[in-house]
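Enquirer: Heads up, here are the entries from Swiss-Prot:
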CROSSLNK  K59  SUMO2 cross-link
BINDING   G578, L579, P580, G581, S582, G583, K584, T585  ATP binding site
Amino acid sequence: MSLRIDVDTNFPECVVDAGKVTLGTQQRQEMDPRLREKQNEIILRAVCALLNSGGGIIKAEIENKGYNYERHGVGLDVPPIFRSHLDKMQKENHFLIFVKSWNTEAGVPLATLCSNLYHRERTSTDVMDSQEALAFLKCRTQTPTNINVSNSLGPQAAQGSVQYEGNINVSAAALFDRKRLQYLEKLNLPESTHVEFVMFSTDVSHCVKDRLPKCVSAFANTEGGYVFFGVHDETCQVIGCEKEKIDLTSLRASIDGCIKKLPVHHFCTQRPEIKYVLNFLEVHDKGALRGYVCAIKVEKFCCAVFAKVPSSWQVKDNRVRQLPTREWTAWMMEADPDLSRCPEMVLQLSLSSATPRSKPVCIHKNSECLKEQQKRYFPVFSDRVVYTPESLYKELFSQHKGLRDLINTEMRPFSQGILIFSQSWAVDLGLQEKQGVICDALLISQNNTPILYTIFSKWDAGCKGYSMIVAYSLKQKLVNKGGYTGRLCITPLVCVLNSDRKAQSVYSSYLQIYPESYNFMTPQHMEALLQSLVIVLLGFKSFLSEELGSEVLNLLTNKQYELLSKNLRKTRELFVHGLPGSGKTILALRIMEKIRNVFHCEPANILYICENQPLKKLVSFSKKNICQPVTRKTFMKNNFEHIQHIIIDDAQNFRTEDGDWYGKAKFITQTARDGPGVLWIFLDYFQTYHLSCSGLPPPSDQYPREEINRVVRNAGPIANYLQQVMQEARQNPPPNLPPGSLVMLYEPKWAQGVPGNLEIIEDLNLEEILIYVANKCRFLLRNGYSPKDIAVLFTKASEVEKYKDRLLTAMRKRKLSQLHEESDLLLQIGDASDVLTDHIVLDSVCRFSGLERNIVFGINPGVAPPAGAYNLLLCLASRAKRHLYILKASV
């Protein structure tokens, strides 16, 4: 018997086929015990896998004829902690178990059948349950001097008991060193935390292999100890194993192999092996050798020793797979990010109240919270069904005759809820768009399962499969990304407009039935589900993930989401103006993902163009399988025969020295093989750092045009400074900017109340500037920042190489008290090309365009302010998220 994923199911779910099973309380009691245990194990693995993978359905063929669920019960042995996640149903000769996702509010991040981590509790070798295992693992991550395993697992005995254990340990050590024992000798040594007695069974090798992993795991994970095979655990009498039944060489090899195969997980860097010593103690009877006691001394282990791989499962790549030890441990140890160094961020979805695969969601403290965004995008009213978004459904109704009547007819049975329209829910979920889909609409209403309507212009054989896949993907995203913990199924319904087949279910009524508990959708459930939907639609992997060391999601701003929602077939060309820190590059990356799915593109069909290598490398790292990133120079030097769509970022800093880049980009996209492609250009004239012609069309010809005016990057003092510099830039624009280019149509919105630091220091000589930077870097590193938080930027590229060695010399000069501080800074300085690595960036303002760091030093070596100086200053200052130091040398 094995588990397989039913890929031909009519459910929009992950369905695990468990094969044949005997059901019924009495019937299972009467069956062969081994078969009963095996069937139960198969079902539990399927349950565990679905709990950890977003939920789904277990389908089993009922083996015993005449079975009736209502009369006979089930008879499966399911752990109590799992039962509240399950609903059961019989359908003819199949038994269905509906599994909802694991909820981390249970106190552990994922479902586990058995941790296979053991510990000693007085005289017992016990397996740790999931919560005990989690506490143990957290304890093991502490420094060795702070580790007290016993304290982490329960209250300790009084001091007298500790003394008693110490005496036993001494006696056990003496017993371990004895060369011979007497048959039936009664040992003056009871079992304890440090001592375990095990009798040999008939099959010596099997006995050792069965008991030894648990004993070694328990002693290694507690305080070390001794296990004596061949001593009666109740009478403490020496029995041993008869010499005729034991081969010492073979048994030693078996024990060595068994211990070496035990899974271990290291939190330390030394990574030692399990330390143990094996002795065979002779057992004599009336002066003659009768047999042997096998004694094993196990040392306390630095980290974690498992008896075998944890019994925890997941669905991955259409297979039910057991989690490897390393992956299980890492998953168990996942925790919310430490935002103490990110005061501008607020946690909105915590790992402690979500689902196993969800990630923490953080938003800027000045942004609308998750609940407010849900009410903005997806409001819930008690007296009507709300259609949203208004602009989209009105456009669809005006373009497609009969669509309004069709939708209104479908909504008649519902008195309350929200109907969310989309040009393609498939694209919204990261799937490829299907031709012939007019629109999709998701209905969430009280006391009903959510329904996904797909409106086709005509029926074909692929309609059913498409709607099933989209419904399944939506459910998985709501649970695994959105963190929804309730019971959830998405019912797909296909409608064909202007056809005799007005609306038709994609599967028969037999398979539409879900347990009644899945229909229990209260207003509170609706709001929770819609908040998960906000995360699904607006969530993206934050660049903070690299800084925090774990994946974190941010949410798009309102304007970013509005632009992302545009119909790309109708908005082939767009100029997007955005202030520094408004998220232009993030939006550019998301737009390329959408292009891929709307137009069924390969990475070779989508080109991302920017001016500088560092930004190109960042995009290449972030979106390896989405696009082909190049610089403007590379774009102008080469032909791109397969390119159909182009995204241009930081366009205000492009030049025409290598030719008309805008004309070339427009020609490529307008003459693409499959029709006109997408050309979106992101720019900000305020961040122009050169005096050459940019090659952009005049602002009056940049149509259609959109603006992103909400700035969320910078701390309050830096944001205030940027506003001052922007005003100066308007009054003193560089000569190469066309009239009106620094006029924003909408008033900028700046982050307020975010703590940070701004220092402007003038009239220093260059040597004083370099010493200041070196000392400040050391101070920041001592106070919790890392090299990857810091960028030192010069106003000109030529200055970087000119003064680099002098800055390094300043870094080398340390007082005696500093000799044992941070690791060698000389090995932690590099340019902006590898901005994601853990080093201090030393580069020019121009090459750092489009990037950011928590701490930025801007160095002006003391030249007369050139034309466009304020724009260059804006480029510099806007790179800093929390601390900005502007150091000006005297002219």
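Placed from the backbone N, Cα and C atoms, the Cβ positions cover glycine too.
What you are looking at is a predicted structure, and each value in this text was computed from that prediction instead of being measured.
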Enquirer: For T585 (ATP binding site) and K59 (SUMO2 cross-link), what Cα-Cα distance in Å is obtained after rounding to a whole number?
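Expert: It is 46 Å, counting Cα to Cα.
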Enquirer: May I have the list of same-chain residues other than G578, L579, P580, G581, S582, G583, K584, T585 whose Cβ is within 8 Å of the Cβ centroid of the recorded ATP site, in sequence order?
Expert: D684, I708, V711, R713
Enquirer: Hey, how far is G578 (ATP binding site) from K59 (SUMO2 cross-link), Cα to Cα, in Å?
Expert: 52
Enquirer: Validating a neighbour-count step here. Other CB atoms within 10 A of the CB of L579 (ATP binding site): how many?
Expert: 24
Enquirer: Do you know offhand how many angstrom separate S582 (ATP binding site) and the residue listed as 'SUMO2 cross-link' by C-alpha?
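Expert: That comes out at 49 Å between the alpha carbons.
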Enquirer: Check each residue in the chain of K584 (ATP binding site) that is at least six apart in sequence and keep those whose C-beta is under 8 Å from its C-beta; list them in sequence order.
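Expert: Long-range Cβ contacts: V576, G578, D649, F682, D684, I708.
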Enquirer: I need the most crowded of these binding-site residues: G578, P580, G581, G583. Count other C-beta atoms within 10 angstroms of each C-beta and give me the top one.
Expert: G578
Enquirer: Mind telling me which of the binding-site residues S582, T585 has the densest Cβ neighbourhood, counting other Cβ atoms within 10 Å?
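Expert: When each Cβ's neighbours within 10 Å are tallied, S582 leads.
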Enquirer: Take the C-alpha atoms of G581 (ATP binding site) and the residue listed as 'SUMO2 cross-link' and report the distance between them in angstrom, rounded.
Expert: 51
Enquirer: Considering only the binding-site residues L579, P580, G583, which residue has the minimal Cα-Cα separation from K59 (SUMO2 cross-link)?
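Expert: Going through L579, P580, G583 one by one, the closest to K59 (SUMO2 cross-link) is G583.
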Enquirer: Could you say whether, by DSSP, K59 (SUMO2 cross-link) belongs to a helix, a strand or a coil region?
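Expert: DSSP assigns K59 (SUMO2 cross-link) to strand.
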Enquirer: Let me check the 10 A CB neighbour count of K59 (SUMO2 cross-link). How many other CB atoms are there?
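Expert: Its Cβ has 20 other Cβ atoms within 10 Å.
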